[in-house]
Amino acid sequence: MNTVPRATPLAWVNGSDAPEKPSLNIGYMALTDCASVVVAATQGFAQQHGLTLNLKRQGSWAGLRDKLVSGELDAAHCLYGLVYAVHLGIGGVPASEMAVLMGLNQNAQAINLSPALQRKGVTNPEALARLAHQHGARLTFAQTFPTGTHAMWLYYWLASQGIHPLRDVDSVVVPPAQMAAHIQAGRIDGFCVGEPWAADAVATGQGFTLATSQSIWPDHPEKVLACARAFAEQYPNSARALIKAVLAASRFIEQSPENRRSTAQLLSGSAYLATPLASIEPRLLGSYHDGLGNHWQDPHALRLHDHGRANLPYLSDGMWFMTQFRRWGLLRDDPDYLGVARQVQQLALYGEAAQSLGVACPEPMRSSLLIDGSRWDGSDPYGYARSFSLHAMGDLPDARVGA
Amino acid sequence: MLRILLIDDTQSKLGRLKAALSEAGFEVIEAPGLTIDLPACVETVRPDVVLIDTDSPDRDVMEQVVLVSRDQPRPIVLFTDEHDPAVMRQAIQSGVSAYIVEGIHAARLQPILDVAMARFESDQALKAQLLARDQQLAERKRIEQAKGLLMKMKDCNEEQAYTLMRRQAMSRQQKLIQVAEQIIAMHEMLG
């Protein structure tokens, strides 16, 4: 199936393709995976496409969402799940049509546990599952947004270990940069977060990394460049130019290890992540220390470009988040999975931008094998949402509590 | 409630607008004629709209309007008895959002102010866009110039020059334009 329309030379014959709006406010959270956006804005990639990108660092995902919906931000570095939750009206704000312009990255999130659990010898999934099922031991995990990617990775991983994420443990929302402080204060037992915050917690002695997100789903979708659908419709040239600038920046970062290292240096600056280089650079380059003495070069570390494979707004990626919302009861009914994904994923705009830069466009459905042995290829979202033994779909007669 | 700075610059000082505005439910702050420093007054009062009532907008009035538009941009509505189209054109050019000749009725004030504010907003957006385009163009030229200098100095191609500049900028947590300026400045000093 190929749904990416081919851009023809006549595509813009009606006028100039110069951005209708030349100066854009771009929101981002202080995370390693905002790299392409920051590099695009500061390293001359946006000017080449007639844009000025004004970077606006945000303190929380909820704040970023509110500004994206109100139009205060034109576009933003955004959690995949957040975009779909806003579009479907799950959560704190009424449904508001959203658009995914491109993928920003795959991989590079992690689940960490506290030093207290480490001292108790809870350093592997089996020990954690035993503890979680013990009477009286109520563990609290933090993620970064109720419908965000970290909540979904945390839930998926816990469930794959036989721990029901909604019944066996508590979860709370904490902004990414504050995870280590909450661990230190003993308010949470573990968390799922984007880098550099998991690496930074390990570096500062605030626990260890129990699982990487790429161990749950190698090359999983993560952050996207998102905007309100109205923005993409009103300013299609600005949206296309923005995709080009960020796509070119992502390609540049992955062109050489030197470029990756310079990117880590840029990100560590006080204007961006304000975090020591030592917490950012190793995992950005794939070098992992888990805090338990294990060290490895991760074959599925942060991917910002991967010859465009990390950037296409795959329909199957968008649909996956809806299947998980359904699985965990965040959606009471099944949405039109494919129909909604086609509305949100801006394959046409992305295809035009990618073609003009000579970046290849893969098929919009991809097939992946996840940690629990289930395969997701987007072909049967209804069945997939119902294929899990642990879930919170109230309408199923065989709904099991716990494992 | 809309906050209005009302400048009465008429000979008669009858305050013909004050009553109509208060009646229409606006918060009105009055200031004497345009002998005052209007930009400073706008800075202190922070009105949503500046309303000038004048018999005839002369050079002094225009001067003050230009200053406000530059430093403290606000929608400015001018009420006057002056019919001369040339004066009207000059007033609009100076930054007046609405030019109203005679006929002040309380009922008409709201739509007049609405139009003035809408017009002001779209003008501001347009100005910001033009400024952004100018800046982009200027930065692009400087970056191109620095890239050209670097290609000569390092005997490298365009892409290599860009990469060198970007790596330098990123490792110093700077923007590309800053490194471009440094290269140009260094070249000027040594050249």
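Using N, Cα and C of the backbone, Cβ positions are placed for all residues, glycine too.
DSSP states for the domain 'Response regulatory' (B:3-117), grouped as helix (H, G, I), strand (E, B) and coil, give 51 helix, 27 strand, 37 coil. The domain 'Response regulatory' annotation in TrEMBL covers B:3-117.
Residues or ranges marked as domain 'ANTAR' in TrEMBL: B:123-184.
According to TrEMBL, the 4-aspartylphosphate annotation covers B:ASP53. For B:ASP53 (4-aspartylphosphate), applying a Cβ distance below 8 Å and a minimum sequence separation of six or more within one chain yields B:LEU6, B:ILE7, B:ASP8, B:ASP9, B:THR10, B:ARG16, B:LEU17, B:PHE79, B:THR80.
Mapped onto DSSP classes, the domain 'ANTAR' (B:123-184) shows 55 helix, 0 strand, 7 coil.
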